[in-house]
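Asks: Here it is, the structure in full.
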Amino acid sequence: MGLMAVLMLPLLLLGISGLLFIYQEASRLWSKSAVQNKVVVITDAISGLGKECARVFHAGGARLVLCGKNWEGLESLYATLTSVADPSKTFTPKLVLLDLSDISCVQDVAKEVLDCYGCVDILINNASVKVKGPAHKISLELDKKIMDANYFGPITLTKVLLPNMISRRTGQIVLVNNIQAKFGIPFRTAYAASKHAVMGFFDCLRAEVEEYDVVVSTVSPTFIRSYRASPEQRNWETSICKFFCRKLAYGVHPVEVAEEVMRTVRRKKQEVFMANPVPKAAVFIRTFFPEFFFAVVACGVKEKLNVPEEG
């Protein structure tokens, strides 16, 4: 019996691996069929996450509209996508210059997209601008710039494209947000405020457009790290507050977020949080034990201000 168990273990592991492989392949093919021939608009397509979303959706056969502030960056992304794609299974992406912080140009860009394809099936609001610093040292001009890029830009583009989706009674709007839409982190007042605002808008919009079969989805990771980012090493392990902040800052890779965006589109999920247990616990504590949460965060700020810089 012991020998039989030893022999069965490798076979069991092999069988599980085979089933996982089949599931992943089936999921990949299913994802492709969900976006094939669909007109997909991706904002800030030249960012790390934007590039990965473009890669995933282009491979799935979507008719991409890639928006970005830098034309050279868009052309570089275009060259990368077309160099590895099968022309018989993919469509040539359309490139559009778009700076969401410049609200005046958003309507013209949306009109250009609709004139080209006649519709938009999926809108991925990915653009985001960050700023970090004490609230009293952040100028109102910078506060407004953050709100334009993170709030007014996405909702303006959404409002212009939404009537087309409503009239066709189909479409999906995906907001790539941040877990800071659920609770604020010190020294990120403008960024957190913009994320709270845009989450509130799309939460309300979701209920408004459900009767038209338009899906509104939000994907909120803790932090989208760069390809070269690595966790910062500090002697904070003994502090609960700083342990929380360190865990929160690890974030997720753009590839992971792009794959989750694709799954969200395929399954028409309404809300997704991409976070390890510590940030999820923070959301829970903030909701049910707010006074304790505020005390812990304030304690963390005091400790951070009292820790001398290294080097």
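Cβ atoms are placed via backbone N, Cα and C, with glycine included.
Among the features that Swiss-Prot reports, active site, proton acceptor is placed at Y191. The annotation NAD(+) binding site is assigned in Swiss-Prot to S47, L49, Y191, K195, S226. As annotated by Swiss-Prot, signal peptide applies to 1-18, with the evidence given as sequence analysis.
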Asks: Which has the fewest other Cβ atoms within 10 Å: S47, L49, the binding-site residues listed?
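Replies: Candidates: the binding-site residues S47, L49. Fewest Cβ atoms within 10 Å: S47.
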Asks: How many neighbouring Cβ atoms, not counting its own, are there within 10 Å of the Cβ of the residue listed as 'active site, proton acceptor'?
Replies: 23
Asks: S47 (NAD(+) binding site) to Y191 (active site, proton acceptor): how many Å between their Cα atoms?
Replies: 18
Asks: Roughly how many Å separate the Cα of the residue listed as 'active site, proton acceptor' from that of L49 (NAD(+) binding site), to the nearest whole number?
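Replies: For the residue listed as 'active site, proton acceptor' versus L49 (NAD(+) binding site), the Cα atoms are 18 Å apart.
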Asks: Counting only residues 6+ apart in the same chain, whose Cβ is under 8 Å from the Cβ of K195 (NAD(+) binding site)?
Replies: N150, N177, N178, Q180, A181
Asks: Per DSSP, to which secondary structure element type does S47 (NAD(+) binding site) belong, with helix, strand and coil as the options?
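Replies: Assignment for S47 (NAD(+) binding site) reads coil.
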Asks: If you run the three-state DSSP split on K195 (NAD(+) binding site), which class comes out?
Replies: helix
